[in-house]
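Over in TrEMBL, the protein carries these features:
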{"type": "COMPBIAS", "residues": "567-580", "note": "compositional bias 'Polar residues'"}
{"type": "DOMAIN", "residues": "119-222", "note": "domain 'Ferric oxidoreductase'"}
{"type": "DOMAIN", "residues": "382-549", "note": "domain 'Ferric reductase NAD binding'"}
{"type": "REGION", "residues": "563-590", "note": "region 'Disordered'"}
{"type": "TRANSMEM", "residues": "85-104", "note": "transmembrane segment"}
{"type": "TRANSMEM", "residues": "116-135", "note": "transmembrane segment"}
{"type": "TRANSMEM", "residues": "180-198", "note": "transmembrane segment"}
{"type": "TRANSMEM", "residues": "210-230", "note": "transmembrane segment"}
{"type": "TRANSMEM", "residues": "236-254", "note": "transmembrane segment"}
{"type": "TRANSMEM", "residues": "292-308", "note": "transmembrane segment"}
{"type": "TRANSMEM", "residues": "385-405", "note": "transmembrane segment"}
Amino acid sequence: MSRLCHLGLKTKDNCRKSSVLTCVTLFAQDNNASNQYQARAQTPEMLSYWSRRVVFLYLLRPWRLPRLIIDSLSRPAYIWDHKRITAAQFTLLLAWFGLNVAFLTVRWEFPREKRAALAAAINLTPVILGGRTCLVADAIGISLQSYYLLHHWLARLSFVEMGLHAIIHTKQQKTWTASSAMGLTAMILCVIITASSTRFTRNRSIAFAWSHRALATAMLCALLAHLWLMRFRDGLVAKLLISGVVFIWPLSLLRRWRRRREARATIHKLWVGGFNNENSQYTRAALLKIPLARDILVYPGAYFYVMFDRQPFWRRYHGPPMMVYDWKTPPEPLAWNESKLSTSELTFLVEDRPSVSSTLSQLEASVTLDGPYGQNPNLESFDSVILIAQGIGIAGIMPLAFAIAERRNYDRIKKEEMRSEDSTPELNARLHLDRTRRLTLIWTMEDNNQLEWAVEQIDRLFDLDPKSGLLHAWIYEPDKPDDSKIQDPRTPLKAAQAFKDHCRLVHVPKARRNAALEQQTDSLLMTSPGDVAIAVCGTADFRQTVRDITWVYPRQARFFELEHQPHSTSANRENSSPTRPHSEGLRSFASSLEDEVRLSRLPRKEVRQQRVQVQHVHIHQETSLAGSIRMS
């Protein structure tokens, strides 16, 4: 039997007041048929067929080639240590490696020994600038993942060039000096650092962090001694580079120390059914509410390093990064200034795990905050925004939704005041005038009890949009609701009752989650107005699944991944779901583009009839994104 998944969607024409109801009926075959199709799609004949088909379709629409090139460069080309390296990053690294090889191999008057030393100093410069975080990279807008990539590979490249410099110097110099001894010491320490920076050792985060810092500090001291024990004019450029960066390093540490804030956090464990109830269940998460002595500027996508004072010294100053989950909104909603908000209280959603379980068992805790870090994606500059979260990823997605909704609510209030009779020139303050017309939130929970994590926030989010013109939310429940229970022990989601056409809880089994997510995302991309942005927060496999969905759809959409992805303990216990074969994505991409080419040649009336071929019709109110997902 085939599984039926039907989705009712409604879109509003940009140029007309009338709306068009689009109901898309999508079928997902059972596992046996799906496996047979995938095996057939992976044959060389099918791959060659779909490749020729895509090339032919791009010849019909050559203006899509720039988008193909940009998306190709942004797709992961290599997976290293569960970190994805895009094709653009891979190309830049290869080009930089080739430039270093050319610099060392081309014959010219500058000795190769000194060239190797200079190249090693240049490559070592960005490595020394930061470690766990880099204030310089954060200030100039380089993501933390990109900096980690540079830190990893440039350190290894400088190690090779330092070794080449040492080999050439050893062959040419007959006697050993103090400078040579310090250079050899720095070389040995560099070998130890490189050998100890493996995936196994990095998983022991705290032990690796302290040992890595100690070895790096010793290596830098030996390197400085090696440089300055030489004659003044020898290696002058390398001396200035390394000395300048080493001087910047303590300044950045001093700045981090000065921006730290000490506060008293209140811990609220999240229970289903209440804390004192016999049948209550712990959701393995807690809210950390931290009032601040003075206001701080935060923004969507910001995260802090939270250090708990009662922990041991070696663990305290290696606090885990946490996304800002919620904030205290000031009475005057004009607190948003240049996409930043001034607030006096921060809230963090923390999933219980062994490193913080002892702290979460308390009612209060003294904490030290270091931040904010991260980049603001500025999603308010897009017409349609799709936010997709998995499990604890809602901690990173919810601030993005609140930022857009609060700015939109401020504009709505000010416009109503301007229409009133007692309007004054002071009310004509600068409006935000964001472009966003539709905001869709999709949350795939890993357990039904996870609804308790965000039920209050979702209700407040929909209160900011009373006329239901902006927000739409879909919450996937992996477990089928127990009909034998008279009452659901979870806190009721008021938004699902007050805004039935805009906020829905739907049952989607884990085995069919990716299929339902693909079908709904494709439908949203088809019906969303204007420029589309997709932001996702979840595990690496989940983010790649969403990226694949946007890749196969011919419509252009900007894809965002938050700089810090909250760690999910429950997701790691699950087996990773199988990804779609490349041939299936290629086939879907070619079919969508072929349909668009075919529809573009038809008259407007026939195009509308072709697009609205439905088998199930649902009637909803205007400007609603309503429907249901049912799997049997």
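Cβ coordinates come from backbone N, Cα and C, glycine included.
For the transmembrane segment (180-198), same-chain residues at least 6 beyond its ends with a Cβ under 8 Å from one of its own Cβ atoms are 152, 155-156, 158-159, 162-163, 166, 169, 173, 208, 211-212, 215-216, 218-219, 222-223, 225-226, 229.
When Cβ-Cβ distances below 8 Å are used as the criterion, the transmembrane segment (116-135) is approached by residues 100, 103-104, 142, 144, 147, 150-151, 154-155, 157-159, 161-162, 164-165, 168, 209, 212-213, 216, 220, 235, 237-238, 241-242, 245-246, 248-249, 252, 255-256, 305, 373 of the same chain, each at least six residues removed from its ends. Below 8 angstroms of C-beta separation, residues 133, 261, 263, 316-324, 327, 339-346, 348, 356, 359, 365-377, 379, 396, 399-400, 402-403, 562-564 of the same chain, each at least six residues beyond the ends of the transmembrane segment (292-308), sit close to that stretch.
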